[in-house]
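Q: According to TrEMBL, the record shows the following:
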TRANSMEM  56-77  transmembrane segment
TRANSMEM  139-156  transmembrane segment
TRANSMEM  162-182  transmembrane segment
TRANSMEM  203-226  transmembrane segment
TRANSMEM  272-295  transmembrane segment
TRANSMEM  301-320  transmembrane segment
TRANSMEM  332-353  transmembrane segment
TRANSMEM  365-384  transmembrane segment
TRANSMEM  396-418  transmembrane segment
Amino acid sequence: MVSADTENAEGPVLLGQRIPQHDLEDEKDLNVSAKGDKACQQIPVQGRACTPCLGWFQMLYATFGSFVPLGMLVYGLQESFAKSSGDFACKYYMMDVLKLDGATMGRLQTAAKVPWDIKPVLGMCSDALPLWGFHRTSYLVSACVFSSFLYLWVGFNAVSALGLYVCMTGLNLSIAFADLVIDATAASLAKDHPKEASDMQTAFNIAQALGGMAASSIKGYLVAVLGSRGTMMSNVFCAVAVFIPAIRRWLPEEQLLSGHCTPKLSQFRRNSSITAVAIFLSVVAVGLSLSQIFLQEWRTRALVTLFCCIVVTISAYKAMRKISPFLANTGMLLFWRAVLQPGLGEAMFVWMSKDEEGPRFSPQLMGLADCFGQAGFLLGVVVYNRFLRTWKYRRIFLVGQIMVVASQVLDFILVMRWNQALGIPDVLFFLGDSTFKEAVVKTFYVPLVVLAYKVCPSNLEGTIFSTLISLNCIGVDCGKYLGITLCEVWGIVDGNFDHLPHGVVSKALVRLLPIPLILMLSPDLTPDDPIPQDPHAHSQQN
């Protein structure tokens, strides 16, 4: 794998170019961020912007080069704007054109997210199989081309439920591959610059929040004016916007010589256990996805989901424990925290949009609510970066989980319509609910990503990090599948919402269960601390 740092080059700093560290005699004029003989030179003090925000971005660019704006484009446009507006359009297509209920909509959308669960295999492809002389750049370019084709295909063709599932799966594959490339590069750079890792992740999440806010502010109007298919087709511009800097090689990667473009399998043989887990997780994810599509009896689907959770836990923990206790504990925390966060499919979405006893929000208002949710996302990122980076992981996760449980009370109040009894209009209550929930979720999730970055061993960042995130994604999907089972247990199907309050209370109670896991599995470190190489170098409290 090519190092994130490039060879020495003379001349001014250009976009996409990283410059080496030279011997410095005047530390008043230059700040240096370096590791070894290869490093990135930061911007002279007298050239820095006078505003803290611009100065912060200058620091990031000086440390990580053009990778930062590229990562922000991927997070902001492809992973946030296009995904948000695309998912929103798909919901209305399933509800208005295909006439599906909330539970079925939830099953299809969750099953289509299987590419996020097979990221370990995608990471293995990136780490071991260079494409056209690149381990990462070529995959990012290919993902942009493939997603452009799918946006145009669904825009020009009316599709069935199965066709829409295939299209959503393909789009998730493209976005997941782009996300993998950025995350693998970030994981490599985070170990070189551990103090700036949280800043880099914060910048990406700010871009993601801003992209989501932009999408949420207009996606309702796009669906109303262009229709769901036209909204999907308009996302081709996001793919093109990432394709251009990707093909201009904004990633910190040099093209391999022709003799070095052979598969690199030795690393996977040395770490055969984690390689086996990566493949196994992908097989489990595909099996779960297909079971949700083709198994109609809800008890059978629930048993399959629970069995997969147990098997994933045993296999992943045993393999990761051989590498590092920190890695194993982080993987289990990511997985089970997500499993124990069940949703209710798209039952709440359908109830708020169509049910006569619900608020019957318009597409424009539903999109606007997501905009406020993205504002909460941004607020959560800022709160974490400004106030929580000096907290221990355990304290952050514990407070965050308690607030996640508390946020479920707002759903119950809305479903029972108690907000009207309190004189709070549905619109204001729903917007406040969306803002608060996203703020809580992202305040909790950002340090999890930072922790996942730092426990990755060298030279296998793509595979290890994608395995960790795959554990989280499979956990999220299992939680959603179990939430859909809750819907079916309470009879919240086919437009029947009589027991919707029971479903809301049930999912709130389940979300109390991750608290003891947080106390057992969280490291006694802060997000700014490096992970000790010796597992006994820093004690973990149980």
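A Cβ is built for glycine as well, from the same backbone N, Cα and C atoms used for every other residue.
TrEMBL: automatically predicted annotations, no manual curation.
Bear in mind that the values here come from a model prediction, so they are computed numbers and not experimental data.
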Q: So, taking each listed stretch (56-77, 272-295, 365-384, 396-418) in turn and counting its Cβ pairs to the transmembrane segment (332-353) that are under 8 angstroms, which one gives the highest count?
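A: The stretch I would name here is 396-418.
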Q: For the transmembrane segment (396-418), could you work out the same-chain residues 6 or more beyond its ends whose Cβ comes under 8 Å from its Cβ atoms?
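A: Distant Cβ neighbours of the transmembrane segment (396-418) are 333, 337, 341, 348, 351, 359, 384, 388, 426, 429-430, 432-433, 436-437, 440-441, 443-444, 447-448, 500-501, 504-505, 507-508, 511-512, 514-515, 518-519, 522, 527.
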Q: So if I exclude everything within five residues of the ends of the transmembrane segment (272-295), which remaining residues of that chain have a CB under 8 angstroms from its CBs? That is, six or more out.
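A: Distant Cβ neighbours of the transmembrane segment (272-295) are 107-108, 110-112, 114, 117-118, 120-121, 123-124, 165, 301, 304-305, 308, 311-312, 315-316, 318-320, 322-323, 460, 463-464, 466-467, 470-471, 473-474, 477-478, 481.
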